[in-house]
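K.L.:
Submitted below is the structure of interest, expressed as structure tokens.
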């Protein structure tokens, strides 16, 4: 076992939510319109991008996952804006002496098209995390009609973060 503290930490996050009629579709703090009026089901606003980034941040520091801090059994978090949750997570990260070096995320969805909203999502995340938007990469892809995303049963997101000790 080493006693040397690392200068960098990497975290990986993943989230998926089911698409349901009657729910809002919010990704990266942006309200999108699904052609079939579908939205993401979840206890909070079910923002898969924000959730995967939170899990990556928490994972990088071995702090568990978002369910530990914002359990679905707690009504306080019902329908909450996930950017609020993300701001709480980044406060925790900074209290431990870490800063974001960069974030890279990929959203997996057949519809709606995500690309037209990427810059707005980056601005929302930049403002919430208090980092330059050049530190944030967001990509979108389809699943070529394979799996739950391909069958439009859900939307998922994978995120990787690099933290640097300050």
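Every residue number used here counts from 1 along the chain in the order it is shown.
Each Cβ is built from the backbone N, Cα and C atoms, and glycine gets one as well.
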K.L.:
According to Swiss-Prot, 15, 17 bind divalent metal cation; which one of 51, 158 is listed for that same site?
P.N.:
51
K.L.:
Centre the Cβ atoms of 15, 17, 51, go out 8 Å, and tell me which other residues of that chain have a Cβ in range of the divalent metal cation site.
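P.N.:
Apart from the listed residues, the neighbours are 16, 40, 42, 46, 47, 48, 50, 52, 156, 157.
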K.L.:
Are any of 43, 66, 151 (the recorded positions) within 10 Å of residue 51 (divalent metal cation binding site) when you go C-alpha to C-alpha, and if so which?
P.N.:
66
